[in-house]
Amino acid sequence: MTDPRFDPSRHIRAPRGNQLTCKSWLTEAAYRMIQNNLDAEVAEHPQSLVVYGGIGRAARNWECYDKILETLRRLEDDETLLVQSGKPVGVFKTHENAPRVLIANSNLVPHWANWEHFNELDKKGLMMYGQMTAGSWIYIGSQGIVQGTYETFFAVANQHFGGKPQGRWILTGGLGGMGGAQPLAATMAGFSMIAVECDETRIDFRLKTRYVDRKATTLDEALAIVEDAKQSGKAVSVGLLGNAADVFAELVARGITPDVVTDQTSAHDPVHGYLPQGWTVAQWRDKQKTAAAEITAAAKKSMAVQVRAMLTLQQRGAATLDYGNNIRQMALEEGVENAFDFPGFVPAYVRPLFCEGIGPFRWVALSGDPEDIYKTDQKVKELIPDDPHLHNWLDMAKERIAFQGLPARICWVGLKDRARLGQAFNEMVKNGELKAPIVIGRDHLDSGSVASPNRETESMRDGSDAVSDWPLLNALLNTAGGATWVSLHHGGGVGMGFSQHSGVVIVCDGTDAASERLGRVLRNDPGTGVMRHADAGYDIAVNCAREQGLDLPMLK
């Protein structure tokens, strides 16, 4: 039987320039961004519609993809397209300030919210796994998580090494769409890194895009490269071909302790995201369609081996953190009772930023011209002049990050800055400084847009880790505020049953109406994050809410 999700003839690239294919820039933005998600420079397996994160897709199948594009081309300025798990299911009359697209991906009634039920529906063609930015059409390649990873490693250096990471190294696993950001983020923060990856093509892709410096095929070779870099006073990243469980356990056996240990394999998806020990990549992929239960059992057993190694390395002095792929949960289910003894990265390092609504703000130049991004970089510096850490990030990003697909930038800013940046970008479009409109979005990993007890909302002060009202309110408010497209997903990052989250995208097309929408959406969206954390009792969030004039009725 032919797989409707695989088409080797597809080679997708988003349109560039300032000529419209659709009836307005609002629909043109969605039209270009879904295609950009599937650009070979951007996506992990574009001919299978897979963008990143195991099986995170942009559309349910190729028929649905084609119909989405066809519908966007004819969509009027007062109509809204509804997309259900990657399938365009309806167009309804709304109004000009309503979203042009509303997306719901991978959502299941809680009792049935597990991989087994999802996989049944997926096989029947009734669902699609949207991950976070795959199915919401705002993935920008590995840059999308570079700064968040950099900020985390920067915080690790400050907390554990007195702000001096030089000569120290990080051990991790996974060089996929998300994990591929780790090597560059590490060297930007001053650490060396060994990143274990079982798929050699992924290592080669990260070499090509300059996210990793070197490739090694043995642990000895990788260790030698890191040691040479230490002696020369430089930071280096190494993609090591191998199985993460094997390598982590081997380091324990040898008595070698890295300075920092983490993991970004796609452990959230035990069928498609984690190679079991003793299996070849070819065997693993061959069995994915026919032996899901066998793979799951073998993968979780191997995850337990890796997590036990991480716990041992933690006991030996390594700063050890979970990077949000749910590997601790998988190991716990496999009998590793103390799997959660090492913390997740959000409560350990990132939550103070979330309390101020600071998170992964990103924008894309629909013109396709990198100069538009460089001009917006400069505008950010002008509007936020007293933040040397942010300026340093922008300088490093310009120098070291290769654009994938349409030129884009990510920049962690919060409640006090997002709206004015968006409106400034809109003014640049209006006065012709930029060659075409800018589209602004963010990861679903943000301060007010996700409920994920093993990641973003782990160890909330008031115990509200699993309360998922917050991302629902976020999506509703962004819809009411006039975002260009809004998405509501389940299972991103940590897998089925473990998260709910929402996404938002808004277009700067240079119009006065856009400026008003930007002012609403880019204040409200991070404002819900400050609200959520203030409600949970975080003083930083309470103070931020007061300083920024948020109206929170229960705030004392």
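Placed from the backbone N, Cα and C atoms, the Cβ positions cover glycine too.
Annotated features, as they stand in Swiss-Prot:
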BINDING   53-54, Gln131, 177-179, Glu197, Arg202, 243-244, 264-268, 274-275, Tyr323, Gly493  NAD(+) binding site
ACT_SITE  Cys411  active site
REGION    445-464  region 'Disordered'
COMPBIAS  455-464  compositional bias 'Basic and acidic residues'
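Residue counts of the compositional bias 'Basic and acidic residues' (455-464) by helix, strand and coil are 0 helix, 0 strand, 10 coil (DSSP-based). Cα spacing between Ala244 (NAD(+) binding site) and Cys411 (active site): 30 Å, rounded to the nearest whole number. Under DSSP, Ala244 (NAD(+) binding site) is assigned to a helix (H, G or I) in the three-state scheme.
In sequence order, Tyr129, Gln131, Met132, Ala134, Gly176, Gly177, Met178, Ser266, His268, Asp269, Gly273, Gly492, Gly493 make up the list of same-chain residues 6 or more apart from Gly53 (NAD(+) binding site) whose Cβ falls under 8 Å from its Cβ. The CA atom of the residue listed as 'active site' is located 27 Å away from the CA atom of Glu197 (NAD(+) binding site).
Over all protein chains present, the Cβ of Gly177 (NAD(+) binding site) has 30 other Cβ atoms lying within 10 Å. Of all Cβ atoms in the protein chains displayed, 30 besides its own lie within 10 Å of the Cβ of Ala244 (NAD(+) binding site). Taking the Cβ of Tyr274 (NAD(+) binding site) as reference, residues of its chain lying under 8 Å away and at least six apart in sequence are, in sequence order, Thr265, Ser266, Ala267, Ala299, Ser302, Met303. Sequence-distant neighbours of Glu197 (NAD(+) binding site) (same chain, six or more apart, CB under 8 Å from its CB) are Gly173, Gly174, Leu175, Gly179, Ile203, Gly239, Leu240, Leu241, Gly242, listed in sequence order.
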